[in-house]
Every structure is written in C-alpha cells, then in structure tokens.
Amino acid sequence: MQNEYSQFEQRKRDHIELALMPANQSSELNPFDHFSLVHEALPDLDFKDISIQSIRFNKPVEKPFIISSMTAGHSNAIEINYRLMEACSKTKWAMGVGSQRRELTDKQAAFEWEPLRRDFPMVSLFSNLGIAQLIDTPISAIQRLIDTLHAEALIIHCNPLQECIQPEGTTNFHGCWAALEALVKKINSPVIVKETGCGFSKNTLLRLNNIGVAAVDVSGVGGTHWGRIEGHRADKDPIRHRTADTFRNWGIDTLQSTHNAISLNPSFEIWGSGGVRNGLDAAKLFALGATTVGFAKPMLEAALDSTDQVLTQMNTIEYELKTAMFCTGSLVLDDLKEKACP
C-alpha cells in the first residue's frame with residue numbers, strides 16, 4: 001500500500017509539471033478567438049456600478065468564478081492549495097479541490113485540509129472524486145469526504161481519455177450512470193459533473209439533466225489536454241504513447257459544449273471551463289449562458305509563485321470581465337447574453 005501511495009504522489013507531481021508544458025495545451029483548438037461580443041461605443045453606464053454577481057445553487061454569489069480542481073494528496077499540494085485558498089478568502093472566489101481518492105483508503109490524507117480549513121473557514125470549497133471511484137465507493141464514504149472538508153457541493157469528474165492513456169489508468173466505467181443516479185438521489189449535497197478537458201455531447205448532457213445533477217462543468221477542449229499529459233508519462237509504453245498522439249486533438253471544445261448545454265434549456269447550472277485564460281474569455285461564456293466560470297492553469301502558474309500572484313491573476317480577470325461588460329454596455333452578467341455577435 002505504501003508503494004501505491006508513493007506512485008500516487010509521484011503521478012500528481014508529474015501532473016503539475018506537465019500541465020504547464022505548452023505541448024500539453026490544446027490552445028490551437030481554443031475556440032474563443034472565433035467568438036465575438038458586440039462593441040458599444042457609447043455605454044450609458046458607470047464602470048463602478050457594474051456587477052458581476054451571479055447565482056450558484058439558487059443563491060446569489062458575489063463572484064462568478066471558481067478555481068477548477070487541480071491537485072491534492074501529496075506534499076507539494078499543501079503549499080499550492082494554501083496559496084489558492086488564501087487568495088479565495090480575500091476575493092470570494094470558490095474552489096474545487098483536487099481528487100480526494102486517496103482519502104478513501106488513507107485516513108491521514110484528509111488531514112491535508114484541516115489547517116487550510118481552520119485558517120480559511122469561509123472559502124466555498126467543492127469536494128472532488130472521479131467517476132471510476134464513485135462506482136465502487138459507498139455513498140456514506142463519499143458523504144464523509146464532503147463533511148470532512150465542510151464542502152458546499154461534490155464534483156464528480158469524468159476523464160475517459162486520460163484513463164485510457166494513463167499507465168495506472170482505471171478504465172472500468174461500467175455502472176457509471178447507475179452510480180451517478182443513485183448518488184444524486186441519496187447524497188446530502190449538490191452534485192456537479194465535470195469533464196477534464198474533452199467536453200460534453202448534447203446526448204450526455206440530456207441524460208445528466210434527466211437524472212437531476214445540480215450543475216455541469218463542461219470543461220471542453222482548448223486548454224490543458226490530459227491525453228497529451230499522460231502521453232508524456234507513458235513514453236516507455238509505445239502503445240499508450242502512440243495512442244496519446246492519435247488522440248491529441250480529441251474532444252468537444254468549450255464553446256460548443258456550452259452551446260450543447262444551453263440548447264437543452266436544462267434544469268442544471270452551466271459552468272464553463274477549459275482553455276479560459278482571461279476575463280474576456282469568461283465574458284464570452286457568460287454571454288452564452290454560463291453562470292460560473294472556472295480557471296485552472298492560470299491559477300496553478302500563479303500559485304507556484306505566491307499568494308500575491310494568485311491575487312493579481314484574480315483581480316486582473318475580474319477587471320477584464322468588467323471591461324468587456326463596460327465595452328458592451330452590460331451592467332450585469334445577464335446583459336451579456338444580448339451582446340454575442342450573430
């Protein structure tokens with residue numbers, strides 16, 4: 001078991017390093033440059049009156065942003081997550097934690113969050129578990145993950161391509177829909193289903209709507225591509241390495257995934273992430289109908305430096321969003337829905 005934990009920690013450290021490599025970014029497939037907002041030369045409003053308040057789980061939130069789930073369960077993660085949570089405590093951003101998979105078998109792993117929760121009790125956190133682990137885990141154990149973290153909700157992440165390429169991947173997803181439906185019915189928290197960079201089809205989103213998930217984070221192609229990351233890790237496995245190259249552009253982009261969701265007029269909230277790099281990208285997702293927008297790589301890069309760098313990144317994104325709103329004559333986020341170029 002100890003050897004398994006050591007491999008887990010090394011994998012997570014690899015992920016941090018590889019996620020920052022330009023070769024593992026599907027930026028050439030990023031759709032945001034092909035989508036525009038209508039410029040308003042005479043916006044009849046005062047910049048300081050612009051509100052970026054949104055709704056999350058039927059409650060108003062001051063900021064519509066979340067730091068997308070990134071890393072947990074290893075020593076390097078503690079300082080990274082401390083800086084992220086410290087910044088969130090000052091900006092009122094929400095945060096998804098890295099996978100809590102290790103906490104299911106290692107009780108000590110849960111202690112990673114205790115000092116962070118003690119220092120930053122007001123930060124809105126979301127628990128996180130992979131769909132493959134959901135299938136085999138009792139709901140009572142998942143509820144403990146949420147309760148221990150004092151989390152607002154639970155993210156279930158879906159990563160089929162990553163699992164196929166990852167040398168240690170778990171590729172048995174049989175029973176995932178039944179497990180997800182049971183979770184939604186029995187868990188005492190909102191459930192968010194999230195991709196990890198490959199997006200969602202309309203048919204999958206329709207099924208998610210039918211089982212009653214609270215939100216879907218579309219996380220489409222355009223940012224960090226986990227198939228490419230695992231391909232680098234599988235450099236000594238010629239089959240997986242070649243497969244990673246074959247599927248280097250696999251997935252549905254973030255804007256198309258968001259459009260797929262909007263077209264259903266779903267009961268779930270639509271969260272946008274995947275290649276979102278600035279406040280203008282975020283504005284375009286809000287214009288499509290997203291209510292929350294997530295950032296991962298920009299925050300990871302900043303957190304590797306300092307809390308101040310994370311705060312600078314957050315404040316810049318907020319200012320960019322408000323600039324997009326001012327230059328389209330949008331006083332509130334909903335106004336952006338009328339400002340998308342046809």
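A Cβ is built for glycine as well, from the same backbone N, Cα and C atoms used for every other residue.
These figures come from a predicted structure and were not determined experimentally.
What Swiss-Prot records for Arg11, Lys12, Ser99, Gln100, Arg101, Gln162 is substrate binding site. Long-range Cβ neighbours of Gln162 (substrate binding site) (same chain, at least 6 residues apart, Cβ-Cβ under 8 Å): Gly169, Thr196, Trp226, Gly227, Ile229, Glu230.
DSSP assigns Met70 (FMN binding site) to coil in the three-state reduction, placing it in neither a helix nor a strand. Counted within 10 Å of its Cβ, the other Cβ atoms near Met70 (FMN binding site) come to 25, all protein chains included. What Swiss-Prot records for Ser68, Ser69, Met70, Thr71, Ser99, Asn128, Lys194, Ser219, Thr224, Gly275, Val276, Arg277, Ala296, Lys297 is FMN binding site.
Residue density at Glu163 (Mg(2+) binding site): 20 other Cβ atoms are found within 10 A of its Cβ, drawing on all protein chains shown. Sequence annotations record features per position, and here Swiss-Prot assigns Mg(2+) binding site to Glu163 based on sequence analysis.
By a simple count of nearby Cβ atoms, those within 10 Å, the most crowded of the binding-site residues Arg101, Lys194 is Lys194. Of all the binding-site residues listed here (Val276, Ala296), it is Ala296 whose C-beta has the fewest other C-beta atoms within 10 angstroms. Long-range neighbours of Thr224 (FMN binding site) (same chain, six or more residues apart, CB within less than 8 Å of its CB): Ala19, Asn24, Gln25, Ser26, Gly197, Ala296, Lys297. Note on Ser99 (substrate binding site): other Cβ atoms within 10 Å of its Cβ, all shown chains, come to 21. Spatially close to Ser68 (FMN binding site) yet at least six residues away along the chain are Gly96, Lys194, Asp217, Ser219, Ser273, Gly294, Phe295, Ala296, Met299, judged by Cβ distances under 8 angstroms.
Here Glu163 (Mg(2+) binding site) is compared against the binding-site residues Ser99, Gln100, Val276, and the shortest C-alpha distance is to Ser99.
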